[in-house]
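*Asks:* Below you will find the structure I want to go over with you.
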Amino acid sequence: MTIALGKVDEKRGWFDNVDDWLKRDRFVFVGWSGILLFPCAYFALGGWLTGTTFVSSWYTHGLASSYLEGCNFLTSAVSTPSNSMAHSLLLLWGPEAQGDFTRWCQLGGLWTFVALHGAFGLIGFMLRQFEIARAVQIRPYNAIAFSAPIAVFVSVFLIYPLGQSGWFFAPSFGVAGIFRFILFFQGFHNWTLNPFHMMGVAGVLGAALLCAIHGATVENTLFEDGDGSNTFRAFNPTQAEETYSMVTANRFWSQIFGVAFSNKRWLHFFMLFVPVTGLWMSALGVVGLALNLRAYDFVSQEIRAAEDPEFETFYTKNILLNEGIRAWMAAQDQPHENLVFPEEVLPRGNAL
């Protein structure tokens, strides 16, 4: 009697074949995440380039916004739909455009197209980092870190306008359009006095400081592996052994501050933690603004400033500035409201 030992070949289905093709070793890895990433990134970028080049915002904001109309890179934009569109997805085949591409562009359909494809493209890029990290068997902290800018994008471009009356109040996709949105945030929400914004600023600027300090310290403590060594010579950038002296760096900062990071793991975790936490906090703050939650309101100072013309603080001055932003910005920025402000209600300094 003969006994045959071996593994029975399982029948491979279409899913296995697709999985093999997606994960094949090639110059640009595709993967399952690529099914989401590449089309969405292509459409988001293509929609933005199309809008900034050819499409006017005259019907939504009363503005010229394309290169074709004379705008430059800083002033062109893909503008948000008008407030009358509310939160409509503005699908090309929807009841608003009814398949008319020109009408769809006039209504602001490119903005929802770019915003939604952009959001899913960013999510696809994060999933790509997860997928490749799993394939090469490393931890997924790159993907976790990238969740921070995704949180900011989604909160600013999607959640905030969803909390307001329509997509109109989201930022337009353009440099000057983003600046307009920042002024709007300050005037209508006093955003710079919001503690979540403060944490975001601390995270971003703190991360820049940490990055500069870390880079400088590594360059300062590179091992000299040959004659005439400097930052760019006498060591191999692909060498397997240690490139710089952590002990020397630790001694240096111990003398500077009295404390220093004791190991590279804690040092690099801190460099990851600071910016990611800051961006996540600012995203949470924007979610609060979507619900019109207030920041710090020092009402007692406002009451005293109203009663005493000689009493003024930097806070009361900022409140006046915010009132000015609202009064002068709203009439132009929200033409659909037909706002008209008589001279006597426009804000003036306490001493005037």
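Keep in mind that glycine also has a Cβ here, set from the backbone N, Cα and C atoms.
OK, Swiss-Prot features for this one:
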MOD_RES   THR2  phosphothreonine
MOD_RES   THR2  N-acetylthreonine
TRANSMEM  40-60  transmembrane segment
BINDING   HIS117  chlorophyll a ChlzD2 binding site
TRANSMEM  124-140  transmembrane segment
BINDING   GLN129, ASN142  pheophytin a binding site
TRANSMEM  152-165  transmembrane segment
BINDING   HIS197  chlorophyll a PD2 binding site
TRANSMEM  207-227  transmembrane segment
BINDING   HIS214, HIS268  Fe cation binding site
BINDING   HIS214, PHE261  plastoquinone binding site
TRANSMEM  278-294  transmembrane segment
*Asks:* Of the binding-site residues HIS117, GLN129, ASN142, HIS197, PHE261, which one has its Cα closest to the Cα of HIS214 (Fe cation binding site)?
*Replies:* PHE261
*Asks:* Of the binding-site residues HIS117, HIS197, PHE261, which one sits closest to HIS268 (Fe cation binding site) when you measure Cα to Cα?
*Replies:* PHE261
*Asks:* Please identify, from the binding-site residues HIS117, HIS197, HIS268, the residue with the sparsest Cβ neighbourhood, meaning fewest other Cβ atoms within 10 angstroms.
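*Replies:* Ranked by other Cβ atoms within 10 Å, the binding-site residues HIS117, HIS197, HIS268 bottom out at HIS268.
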*Asks:* Rounded to the nearest Å, what's the C-alpha distance separating HIS117 (chlorophyll a ChlzD2 binding site) and GLN129 (pheophytin a binding site)? Just drop the number here, would you?
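*Replies:* It is 18 Å, counting Cα to Cα.
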*Asks:* Which ones in the same chain are close to GLN129 (pheophytin a binding site), with CB under 8 Å and 6+ residues apart in sequence?
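*Replies:* Same-chain residues close to GLN129 (pheophytin a binding site) (Cβ under 8 Å, separated by 6 or more) are PRO140, ASN142, ALA143, PHE146.
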*Asks:* Where, among 124-140, 207-227, 278-294, do we find the most CB pairs under 8 A to the transmembrane segment (152-165)?
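*Replies:* It is 278-294, which has the most Cβ pairs under 8 Å.
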*Asks:* Can you tell me which parts of the same chain pack against the transmembrane segment (124-140), counting only residues 6+ beyond its ends and a CB-CB cutoff under 8 A?
*Replies:* 23, 29, 31-34, 36-38, 40-41, 146-147, 150
*Asks:* For the binding-site residues listed here, ASN142, HIS214, PHE261, which shows the highest count of neighbouring CB atoms within 10 A?
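*Replies:* For the binding-site residues ASN142, HIS214, PHE261, the Cβ with the most other Cβ atoms within 10 Å is PHE261.
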*Asks:* Quick one: Cα separation, HIS197 (chlorophyll a PD2 binding site) versus PHE261 (plastoquinone binding site), in Å?
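*Replies:* That separation, Cα to Cα, works out to 28 Å.
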